[in-house]
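Written out below as structure tokens is the structure these notes cover.
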Amino acid sequence: MQSILKPITNLFTMIFQAIHGFVASLDIFGVGAGYVITIFLLTLLVRLILLPLNIKQTKSQQKMQEIQPEIAKLQKKYKNNPEKAQQEMMKLYKENNVNPMSGCLPLLIQMPILFALYYVFYGLGELKGISFLWLGDLWAPDRTFILPILSAATTYLSSLLMTKFTQSQAGGAPGGMNMNTMNIVMAGMMGVMSIQFPSMLVLYWVIGNLIQMVQTYFIVVLPSRKRAKEKEQYKDIK
């Protein structure tokens, strides 16, 4: 895998070193804090690059939730004819301009970036022995398990925030329990993986989740509340 990801790894190595060079030149941060700030800026850059995809993913999820009642009707109507049900659902997706797989695109792009950064941080021997707060070595896994717990928690909360408001817009569409289960499984997987990952990489993931929550608030939560308020005002007028 390392050879496949080499171009991405080389690119992020150059970007990381350029950002860290700038941060270090300011000469106002400690060594450990300088690297953590570099991670924050790198994460912010990656999230800004992925922002258009995240917006597209959000819109796709909202549309999918809106048509869930129709999907449920089709599944019930053609429960003895799965092939016909699939054809009708594909027709429904096309009519509503929905791609059921588009919601996975940002995650599919983020995973190669995550593994590329894994090789970036392991390739930076200069990180060995550099500490920050409770982390005795940013290059090594966090043996206090604080970061893995934060990784699992922020992964779950980030996913929960997204699914909660997309489902609420659809009036509590069916399938919410499955989505919640998926959120828990994903969070658990990231927590377990974070036990073995370098602290720098887990910091990237945690910071990314926090930035994602801020993005979700402005892209999903605020518009959702605005639409709900407008709907209430419309009811009052009627």
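In case you wondered, yes, glycine gets a Cβ from its N, Cα and C as well.
Please treat TrEMBL annotations as automatic predictions, because they have not gone through curation.
Annotated domain 'Membrane insertase YidC/Oxa/ALB C-terminal' per TrEMBL: 35-219, in sequence order. Per TrEMBL, transmembrane segment is recorded for 7-26, 32-55, 104-125, 145-165, 177-197, 203-222.
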Tell me, roughly as an integer, the mean pLDDT over the domain 'Membrane insertase YidC/Oxa/ALB C-terminal' (35-219).
80
Would you call the transmembrane segment (7-26) and the transmembrane segment (104-125) in contact, using three or more Cβ pairs under 8 Å, pairs 6 or more apart in sequence?
yes
Which sequence positions outside the transmembrane segment (104-125), separated from its termini by at least 6 residues, show Cβ-Cβ distances below 8 Å to it?
1-2, 5, 8-9, 12-13, 16, 46, 50, 53-54, 56-57, 139, 197-198, 200-201, 204-205
Who are the chain neighbours of the transmembrane segment (145-165) in space, where the CB to CB distance is under 8 Å and they lie at least 6 residues beyond its ends?
58, 61, 134-135, 176, 179-180, 182-184, 186-188, 190-192, 194-195, 199, 202-203, 205-206, 209-210, 212-213, 216-217, 220-221, 224
